[in-house]
Every structure is written in C-alpha cells, then in structure tokens.
Amino acid sequence: MDSEKSSEWQSDVLNRLQSKYGSLYRRDNVILSGTHTHSGPAGYFQYTVFVIASEGFSNRTFQHMVTGILKSIDIAHTNMKPGKIFINKGNVDGVQINRSPYSYLQNPQSERARYSSNTDKEMVVLKMVDLNGDDLGLISWFAIHPVSMNNSNHLVNSDNVGYASYLLEQEKNKGYLPGQGPFVAAFASSNLGDVSPNILGPRCINTGESCDNANSTCPIGGSNMCIAKGPGQDMFDSTQIIGRAMYQRAKELYASASQEVTGPLASAHQWVDMTNVTVWLNSTHTAKTCKPALGYSFAAGTIDGVGGLNFTQGKTEGDPFWDTIRDQILGKPSEEIKECHKPKPILLHTGELSKPHPWHPDIVDVQIITLGSLAITAIPGEFTTMSGRRLREAVQAEFASHGVQNMTVVISGLCNVYTHYITTYEEYQAQRYEAASTIYGPHTLSAYIQLFRNLAKAIATDTVANLSRGPEPPFFQQLILPLIPNIVDRAPIGRTFGDVLQPAKPEYRVGEVAEVIFVGANPKNSAQNETHQTFLTVEKYEATSTSWQIVCNDASWETRFYWHKGLLGLSNATVEWHIPDTAQPGIYRIRYFGHNRKQDILKPAVILSFEGTSPAFEVVTT
C-alpha cells in the first residue's frame with residue numbers, strides 16, 4: 001500500500017489554509033503530491049479499502065500529517081522572496097526497469113516504435129534561485145517506484161527518492177541537520193505505475209532463474225517466489241545506490257540549468273465523478289467508466305512485493321473458491337459492474353460496497369497548474385509509462401490547438417486523492433497488477449485524457465472561470481476505530497522511561513554499529529505531544545566549548561530506531577548508529593526522546609515527555 005495520499009488531508013489542509021490566509025491558497029492552486037514511500041505510517045485514509053489495510057483509522061497520525069503539511073506551507077510562506085525559475089531536462093540511466101513488460105507489449109507496435117525504452121528515463125528539474133542567484137531549492141519529476149525498501153522493512157523511511165532529496169539537502173545545507181536548513185530538494189512522483197528500481201529484474205528466489213514471464217511465476221512455488229532485487233547487497237544498499245544516481249543527475253541538471261521559465265501563472269481544478277464519465281472513443285462511438293472494482297491480480301501484488309495468497313498476475317478468469325468467499329462476506333457483484341470491467345475478473349466490487357463507508361472514491365480531482373510554458377498535470381493515481389506519454393502528448397496538443405505552442409507537460413503523480421493505477425486500454429487487457437488496480441475500468445485513461453484536455457483548453461482560452469466545480473467529495477465522520485488499542489505504557493519495576501537497559505560498548509571504530517537499548521514507550525504517543533523534534537540524537541563532546549554537539553538525528557541515514565513491544569505496556573527502544581567513515585574521532589553519546597501514555601483511575605489519559613542519555617563512548621579511527 002502506498003503511503004502518501006489522501007483526499008481528506010486535502011480538504012482539511014485547505015480549510016485550515018483558508019482560515020489563516022483567506023483566498024490566497026485554494027483548491028485550484030494547491031497540489032498535494034505524495035513523493036511516495038511504502039515505508040510510512042498508515043491509518044490516515046478515509047476510504048474503507050485503505051482503512052482495512054492499515055488496521056483502522058488513526059486520528060493522531062492523520063492530525064500529525066495535516067499539521068506537518070501546514071507547517072511546511074507556513075515556513076515556505078514566511079520565507080517567500082522574489083526569484084527566478086530555470087528548467088532543465090536529462091536522462092537518468094540504469095535505475096529503472098518496467099515491471100510489467102508483457103503489459104507494455106500490448107500497446108500498438110507503431111506507438112512503441114516511437115520510444116527507445118519501455119520506461120521514461122527523462123528527469124525534469126526546476127531550479128529556484130533568488131534575485132542574487134543564490135540557491136533556494138528544486139523540484140524534480142522522475143518516473144520511479146520508491147520500492148527499493150521491500151515489504152520485509154518495518155522502519156519508517158522515505159526510500160530512494162527520499163534518499164536523493166536527503167543527499168542534495170545535506171550538501172546544500174552545510175552544518176544543518178537533516179530536515180533543517182533553507183534549501184529544499186523535492187523529488188516528485190511521475191508516471192511510475194509500471195516502473196521498478198529493482199533493476200536486477202524478477203528471479204525465483206528458490207532457484208535463481210529468471211521469472212520475467214507474463215504471469216511472473218516460478219516453476220516451483222508459483223508467484224510467491226518471483227521477486228525482483230535491486231543492485232545492492234541488501235535493501236538499504238539498493239536504496240542508496242538508486243537514490244544516489246538520482247541525486248547525482250538532479251545535481252548536474254540543477255547546476256547547468258539555463259532556460260528561464262517566464263510567463264503567467266494559471267490553474268484549473270475540477271471534481272469529477274469518475275464512475276460515470278462518457279468517453280468519446282471517436283466521433284461516433286462512446287464508452288463509459290465504471291464503478292470502482294479491484295481485479296484478481298490486484299491480490300497477486302507485484303515483483304516488488306508479492307501478495308502472499310498465491311494469486312497470480314495476468315488473471316482474466318475468476319476463481320470459484322474466492323468468488324464464493326467474497327459473495328458470502330460482501331454479497332455478489334452486480335452483472336452491470338462485472339460487464340463494465342471486462343476482461344477484468346472482479347475480486348472486490350468496491351464501488352458497490354458502502355459499509356461502514358464507501359470502499360473507494362467516486363469523486364476525484366483533476367487539476368493543471370501552468371507556469372509560463374510549463375504545465376503540471378496533477379494525476380490522482382499511478383500512471384503507467386505509456387499512459388503518461390499519451391496524456392502528456394494529448395495535453396500538449398490541446399494547448400497547441402489553441403495557439404499555445406511547445407508546452408512542457410509534466411506528470412505529477414499521486415496527487416490530492418488516491419485511485420490506484422491507470423493503464424492504457426491495451427495494457428488493461430493483460431490484467432497484470434497495474435491493470436487489475438485500474439479501478440474505473442478499461443476506459444479510465446481515455447476519461448482522464450478527455451478531462452485534462454478540457455482543463456488545458458480552459459487555461460489556453462482563458463475560460464477557467466466557466467469550468468464547473470463538479471460534485472464535491474464526501475467527508476466522512478466516525479471512521480473505523482483503530483483495531484490496535486492505545487494502552488498505557490509501563491516501565492519495569494525499579495526503572496523509569498528512558499533508563500539505559502544496555503549501554504554502548506566503551507569503544508568503536510568507524511564502520512561499526514553503536515547500539516543502546518532504553519526503557520521505551522509507544523512512539524505513536526509522540527504524534528500527540530510534540531515536545532521533541534526527534535526520537536534520537538547522536539552527540540559529540542566538544543572540549544573547547546565543554547558542550548555536546550548534535551551530529552545526527554532520526555532523519556539521518558546512519559541512525560536507526562527500533563521499537564520492541566513487550567507485554568502489558570512494557571517496551572524497549574533500540575537506537576543504532578552505523579558509524580560512517582566521515583565520523584571524527586572523539587567522545588560520543590546517544591540520546592532517546594519519547595512520550596509515555598499515563599492514566600490514573602477515573603482520569604483522562606495524559607501523554608508525558610521523557611528522555612534518556614547513554615553513558616559516553618569513544619570512536620577511534622582505524
């Protein structure tokens with residue numbers, strides 16, 4: 001399940017922006033785009049499919065996310081200054097493969113022949129500087145799935161695009177800790193639906209042979225054994241290799257950017273009922289989009305993370321066993337929805353399920369923001385490579401037909417609301433994972449192309465004011481409560497929160513791992529009480545100033561924070577510092593910052609902050 005996406009964030013964020021800034025920030029000129037990681041906290045989505053996947057709705061996670069988004073906008077607003085924007089483009093090689101090449105091959109030969117690759121290799125970089133030419137930040141768009149970290153990972157992190165951002169910001173913000181400093185490097189999602197960073201390709205983990213076939217299955221063990229690996233020794237290493245390549249290319253493109261972006265700013269936004277769009281296939285024939293449904297191959301997962309229930313990609317037939325289970329629990333899908341989605345065999349008829357709330361969105365955002373000759377199309381999901389190419393071309397042609405030539409169109413993926421994947425009509429016929437997850441049926445892409453052409457036309461002809469707002473999305477109250485209860489934290493007898501249970505060794509060399517175990521408390525408590533900005537620090541003693549200087553925090557790549565839950569509210573927190581080659585020799589300590597939930601009889605629960613400090617240890621160079 002992808003992490004960064006939601007529609008109610010958007011309405012909550014926009015409502016709060018309105019109460020603070022009036023009409024300055026609106027639904028038409030604010031895009032919330034998830035940079036996307038599969039290693040983030042869950043439980044902040046309102047549609048039932050996602051709520052089930054995250055074991056309930058977590059209001060504290062939701063509120064924490066909204067507050068964070070608003071804080072970032074506030075900081076940006078406060079630091080606004082006149083400046084210039086430059087654009088540059090260039091290919092990034094050796095970091096992606098198409099994870100559904102058999103779907104891609106369904107597209108017409110004449111169309112495929114126009115492209116040298118089955119993934120989009122081009123990165124688009126916007127460079128922002130102030131009027132003195134000093135660096136402010138960049139946005140880069142590139143099509144890659146942040147799944148270098150596989151589904152065995154339990155750490156919260158930002159994957160390969162996050163690592164690219166981290167490297168660039170660390171370089172530009174000298175002397176600042178990660179997440180701090182003035183320079184912002186955003187690595188945004190594009191048409192990444194069928195694009196994997198696990199470039200060694202799919203292999204059978206039991207035999208080592210390739211399973212790059214139409215169903216991604218292995219002779220022994222089926223689809224569960226077919227997994228793609230990245231270029232590194234392990235997932236951490238792969239994340240760094242792929243992330244570093246993106247960072248390197250973005251840095252080059254940033255440094256050499258010379259084409260200035262000038263011209264007016266415009267934006268257009270509409271809400272659309274995606275379950276009921278009439279699509280003009282040609283001048284005489286129409287088709288319709290469908291109520292949402294997920295196909296059988298959705299449950300198979302992908303070569304980046306298999307589903308686990310022995311479902312297979314590329315299934316165009318249902319299975320009586322699973323159909324019966326579905327019918328018993330959820331009721332039967334209607335003939336209408338089955339017919340509409342063909343050749344997709346329906347596993348979950350989400351568009352016909354509304355208890356306790358709708359399982360999937362009906363109302364979806366479509367939005368374009370233009371900046372001079374740049375058009376940013378905000379896509380509410382994950383376009384495959386060819387879907388993105390078709391949309392970019394159609395939007396560019398629409399602008400051109402109204403006299404606006406040579407627009408650069410970028411696909412900004414995972415915007416405003418999440419609607420899974422969008423394949424081409426031809427790819428849909430193969431029913432691999434991405435097609436099974438194209439929830440509005442075979443004509444979904446054509447519907448989006450039609451809608452975005454309409455927005456482009458409105459901007460090009462200056463008739464945005466005449467666009468209908470469309471039907472407003474619902475906002476649900478009383479979402480499914482978390483299935484994991486908030487229990488009171490407890491410390492072992494004779495101990496308090498933050499006490500050191502296992503200190504670090506007295507001495508380490510660079511390249512080794514310093515580890516400290518503390519008496520812990522549930523890290524989720526820290527979303528409710530923000531006394532501390534980090535879960536951990538590594539600090540170095542400076543003799544000259546007789547003070548401890550923070551060297552890294554929980555956002556630093558060389559630190560890891562593990563929480564181990566015990567029984568009856570007891571837990572431990574383990575902090576690891578993977579000492580980098582760049583570490584200076586000297587005296588260090590590790591600190592842990594947490595919050596515990598306390599509840600006295602007949603009183604409401606309170607969240608209390610605490611901290612723990614390890615005994616000092618020494619780092620020596622080899």
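Any Cβ shown, glycine's included, is placed from N, Cα and C.
All TrEMBL annotations are machine predictions without curation.
Listed features, source TrEMBL:
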{"type": "DOMAIN", "residues": "8-450", "note": "domain 'Neutral/alkaline non-lysosomal ceramidase N-terminal'"}
{"type": "BINDING", "residues": "His36, His145, Glu382, Tyr421", "note": "Zn(2+) binding site"}
{"type": "ACT_SITE", "residues": "Ser196", "note": "active site, nucleophile"}
{"type": "DOMAIN", "residues": "452-619", "note": "domain 'Neutral/alkaline non-lysosomal ceramidase C-terminal'"}
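Straight-line distance linking the Cα atoms of Tyr421 (Zn(2+) binding site) and Ser196 (active site, nucleophile), rounded to a whole number, equals 14 Å. Its own atom aside, the Cβ of Glu382 (Zn(2+) binding site) has 30 Cβ atoms within 10 angstroms in the protein chains shown. Annotation: His145 are the binding-site residues among His36, His145, Glu382 whose CA atoms are within 10 angstroms of the CA of Ser196 (active site, nucleophile).
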